[in-house]
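Visitor: Just dropping this structure here.
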């Protein structure tokens, strides 16, 4: 408990943009997010005073950090599972817990759990040897993923010749292989679950990827039937409940000609939920805090018929400053909402996002894309 | 400029809830608000890392603070006008400037300026002697105000016997007297103006006062004719422009049977604009930052047909904790939005506000009041 306010202290391991935006939400709840950041210029460290500097791979740093927290949660999935178990055994309250989180940390565990649940997933197998892979592929192009450490398209390989994977197998990298799915588009079903067991579901959204990175999110997913939307929400609720997730769960889905299947799980605020800051009555960041604090969940209703979020990547070097780009964007579109993460611009680096809302989908999408382009390229 | 982000640094003198909520808005713009707080447990100091501790009445503290800022603005109106002039002469960029701000700091100057502008105001006069007051009152009940230092009903006196005021006159307190207005209700017209001269106006709202403190704000003001709403907005725009205000200007208005007249001016984010955080596409806090940074103004459109804000005061001592009250409120109304200011609860102290939105005014008002009551009394 924070003696200054009488309110609980939530600590977040990792100081990136998710912690940065969670701090904004914590302020409204009367709190100040405690952050364990890797460096003083991490996005959250720049804006949250109760920041400690330390690595998520340093058990002692995690221990010191947890001392001042009523509950500890995560900005990313990279804290070693065994450290989470150790801290929990020492009495630290961590959400999501290790048993749940490991299904988002380890793609093999995730596929095993989803198989047990009977959730719709691609055909898959663990890969121990080249023979495993050749057997599975039967000459077709397949998807090979590292079990650990993937993020934003890293650790995912489209493999037409199994021999390409030999160096990873030889290096002892734990891998799984999945069939290449006949993909119509990608969706995301975001839910939040509290320790009490209450689950709140956001409207299902469409996510548009480019080079494995999410570039655009459309809420709600255009043309998605009410039945399929409900099916996706119920699937996400069931996964959250069965895995015992506390906090947010993003279920990334493939829509295929015959139905939906689960691609990935994330257990934290997620890029596919950034639209909720202005586009839903309760932002995913507030919802995550409510969940880990066991507060009742907030209203997930949309605030406009269509909400589109576009990620802003660092554009080419040179040209006008980001400050000038903001000037031009705000002059062009007074209703565009921007979120910059306090990062130095590097080509291709995710430096922020923009959100547009309205009643005409084509116009809202065009506005969001134009706004991102202004911030990326200054024109 | 912040070397870490390449973006400008805004400093705010005063570390109360207005600075606290402005910091939230600054984060989205890629910035971190720099705060000069009187104490480390001020609401903004608890959540903003770039906080210096110092008094707004200490010129050297102001000087040191201003060194790291591209522009300095204010959480309250209590910085001595001559210090603002001194800093400006030393090259500090301050918004609003002293010539504008003095009309919000000094009620006599405010009445003089509004008289010059021909703005509708109550009949008024400066009070130098008891004879001045007796002359003005002519046996009627009048309103006596201290020229400086009033806030939330302090410094305002309903006077039926002029002799009551003698102690203040004898103490040399500078006073003005105004007629007691035949009041239908109170309104507020909030605008923001940039150095370039762009002005954006929010919908005119009704403010409900109790014991001189604003307890409820209804956006838009119910039953206000389009003509009178436009008149109020145009009046606020004219005052902002003629006084050279940069940043927000709240024009507190009396609605009388015959029209609107100006009660007070405030040049900062204002309690009558807290509803904009969720209720308008651009919050007043973001708008104030955009104005002082000379960014183009943001969209002021409502996000729901009706938005009602209710202030939360510290309730009676004892009973359940604020944390438990939040639990109960969120269970009762998942769509209520809360904003707590990080203050210790004291009876009657403004510790936060709540916002409700919807399409049925009576229901939205009832929800906002019930939410405030839950946080105040825990029932």
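Using the three backbone atoms N, Cα and C, a Cβ is placed for every residue, glycine included.
Pulled these from TrEMBL:
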- A:107, A:145, A:178, A:179, A:180, A:181, A:186, A:263, A:264: ATP binding site (BINDING)
- A:111-293: domain 'ATP-grasp' (DOMAIN)
Visitor: For A:107, A:180, listed as binding-site residues, tell me which one has the smallest number of other Cβ atoms within 10 Å.
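Guide: Taking A:107, A:180 as the binding-site residues, the minimal 10 Å Cβ count falls on A:180.
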Visitor: If you average pLDDT over the domain 'ATP-grasp' (A:111-293), what do you get?
Guide: 95
Visitor: If you measure every Cα to Cα distance among A:107, A:145, A:178, A:179, A:180, A:181, A:186, A:263, A:264, the residues said to bind ATP, what is the biggest one in Å?
Guide: 18
Visitor: Which of the three DSSP-derived classes (helix, strand, coil) applies to residue A:107 (ATP binding site)?
Guide: helix
Visitor: Just to be sure I understand the packing, how many Cβ atoms besides its own are within 10 Å of the Cβ of residue A:186 (ATP binding site)?
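Guide: Result for residue A:186 (ATP binding site): 20 neighbouring Cβ atoms inside 10 Å.
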Visitor: Non-local Cβ contacts of residue A:264 (ATP binding site) (under 8 Å, 6 or more apart, same chain)?
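Guide: For residue A:264 (ATP binding site), the qualifying residues are A:104, A:107, A:110, A:252.
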Visitor: Using all protein chains in view, find how many other C-beta atoms are within 10 Å of the C-beta of residue A:178 (ATP binding site).
Guide: 20
